[in-house]
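Heads up, the thing below is written out as structure tokens.
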Amino acid sequence: MTELLGIPPQVLFGQMLIGLINGSFYALLSLGLAIIFGLLNIINFSHGAQYMLGAFAAWLGLQYFGVNYWVALVLAPVCVAAFGILLERTLLRRLYREDHLYGLLLTFGLALIIEGSFVHWFGVSGQPYAVPESLQGGQNLGFMFLPTYRGWIIVASLVVCFGTWYMIERTRLGAYLRAGTENPQLMQAFGINVPLLITLTYGYGVALAALAGVLAAPIYQVSPVMGSNLLITVFAVVVIGGMGSILGSILTGLLMGLIEGLTKVFYPEASSTVIFLVMIIILLVRPAGLFGKEA
Amino acid sequence: MTLTKKLLATAVMSAMAATSTLAQAGQYSDDEIRVAYLADMSGTYSALSGPGGLEAAKMAIEDIGGSINGKKITIVSADDQNKPDIGANKVRQWIDVDNIDMVAGMVASSVTIAVNKVVEQKNKISLVSGSAASSITNEYCTPNSIHWVYDTYALAHGTAKAVVQEGGKSWFMLTADYAFGHALERDVEKVVQENGGEIVDKVRHPFPTSDFSSFILQAQGSGAQVIGLANAGADTTNSLKTASEFGITQAGQKLAGLLIFLNDVHSLGLKVTQGLQLTTGFYWDRTEETRAWSQRYFERTGRMPTMVQAGVYSSLMHYFKAVQAADTDETQAVLQQMRDTPVNDFFAQNGKIRIDGRMVHDMYLAEVKKPADSTNEWDLYKVLRTIPGDEAYRPLSESQCKLVQK
């Protein structure tokens, strides 16, 4: 059997697949961040908390109302998005004209409040959420045992990510959105309700985070701090991809998952830092990010 | 010298001696007994120590009557965020500004080692209930700290020995990459090898890690019979969950959780954890006394105590009783009194504090119950055997502690 860098190819394939699965989480989360930043100019630091809220909404729904996984997959993002829209209408809206820093501080503060409250109510060690029955078990792919649920994550997040990209870059609605951020006054003059468009965009970005949360619930513990552990990494992904670039954030998310996965094989101690290393290199070589346009 | 002069001199000298002992008894710094509680209050270890441990500390203060020999007891607390620099700075500030007499709690081993240095420098007392690293009473031992509940040596000798003796000879270690993980890994490797097993491979993962699938896959590929988890808190629960998802046990590999707390099993549920063997310093449902104390704790917090939270109460109570008996809060006098008195309470029977700071008491090898055998939410363990303290902890003859005379 030939070996690549001292590791049998089957093992390597397995690790790359695992990397892709994690990468699809990064993609889903960084996509939401990129949309919100690209179209609203807000650095949404409560994204991690909103991801956690998605997972908790699914858990609470199942625990208290018997809402099953498939319904939660739709319902939880809608509920969390409604909460996001409320925040946008009451708080964020006031900051669009200010420096980025204000939006960052506000959303960071909100994240701390939300996470703190959930730690207070549910404790930090988290709650278990069972894998839905139809997705239990797994397939032996020859080179690895792939749990069905992990396979589902890749499919679901890729469909959502590329669907979103298509909607923003290739449809009329997407064109309105992009135009609305380029020149809101002109769009208003054409009779388009720009503030509503922006509110819905924020809601959609938040819904993406919540969807990632529901997808994550069965494989991680549903815990109040699950988002804060992930958020910084996801920000690094967005920076590498190019702030605000939709396609960039999706592809970079998958790529970073792969790189992290391979690091876990060759030098596991560095697996939590490798993405930041890549970020530093990219910032030195291409300050606007891999897919960003130079200002 | 005349007889009268001799007599006079003796009288003066004995009077002086008497005053000096008198000066010590009844002497309290600031006229108060000031204790501090340092722990992870919000992060990955807060469920096993955190606010619950603070509540246990408050119970101890109330149970001793809120004051000792007429001196009021006050308590301060802080979140060390599992960061050694934050913990050490906080304790330094407490000692310099708030004049605390002792600190209890203390979880992440890296924090404890840093704090113990400060406590030794300033001649105060630290009672460590949360940390695991056996190095705290070995190469990092200090005369001012006492390690109360458990350590990695005891965990390895309890769990790893039992698993190897049942036939789990080849091991894959999954280790948290910091002081505690390294100490546990080292202790486990030694036990496995001494009992005729071998370590096939190991991976050190960053602390904390949220996704373990890659590591579990590596463990699966290694072909080892046993996957040893030398990590704690959320890292352990996530490892166990991922292992169950990837069908590790169905494929014939066995998991050995070296450090599992009651709250981990409670939050993961019996379905994922059943059959897991673990070593613990305390289980609430073991004797009349443990049940009685735990019930009181439950009424205040809504949760059953972990061994760490029970240990915080036990260690503080022992401290308070020593202050009471010595009638001072002066560090060395209290420490001496604590060492001279065996620990006898709901937590430990005939526990003794060794010169290296280890509180030696019986440990318990337990097994997580099957869902069908559990009668209520907190009915989680079956105690398989009591491991006598002298067997569980590192003998002084193997110690590298500078305080141990050889």
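FYI, residue positions are counted from 1 along the chain as it appears here.
Cβ coordinates come from backbone N, Cα and C, glycine included.
Here is what TrEMBL says about this protein:
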TRANSMEM  A:25-47  transmembrane segment
TRANSMEM  A:67-88  transmembrane segment
TRANSMEM  A:100-122  transmembrane segment
TRANSMEM  A:149-168  transmembrane segment
TRANSMEM  A:189-220  transmembrane segment
TRANSMEM  A:232-258  transmembrane segment
TRANSMEM  A:265-285  transmembrane segment
Ranked first among A:25-47, A:67-88, A:149-168, A:189-220, A:265-285 for CB pairs under 8 angstroms with the transmembrane segment (A:232-258): A:25-47
Same-chain residues at least 6 beyond the ends of the transmembrane segment (A:149-168) whose Cβ lies under 8 Å from its Cβ atoms: 18, 20-21, 24-25, 27-28, 31, 35, 131-132, 135-136, 138-139, 174, 177-178, 204, 208, 211-212, 215, 218-219, 246-247, 250, 253
Sequence-remote partners of the transmembrane segment (A:25-47) [C-beta within less than 8 Å, at least six residues beyond its ends]: 87, 92, 95-96, 100, 103-104, 107-108, 110-111, 114, 153, 157-158, 160-161, 164-165, 168, 177-178, 180-181, 198, 201-202, 204-209, 211-212, 215-216, 227, 230-231, 233-235, 237-238, 241, 243-246, 248-254, 256-257
Distant-in-sequence neighbours of the transmembrane segment (A:189-220), which means Cβ under 8 A and at least six residues beyond its ends: 25, 28-29, 31-33, 35-36, 39-40, 42, 44, 47-48, 50-59, 69, 72-73, 76-85, 88-89, 92-93, 96, 126, 129-132, 149-150, 153, 156-157, 160, 164, 176-177, 180-181, 226-227
For the transmembrane segment (A:67-88), distant same-chain residues with Cβ under 8 A (at least six beyond the ends): 46, 50, 53-55, 57-58, 61, 110, 132, 198-200, 202-211, 213-215, 218
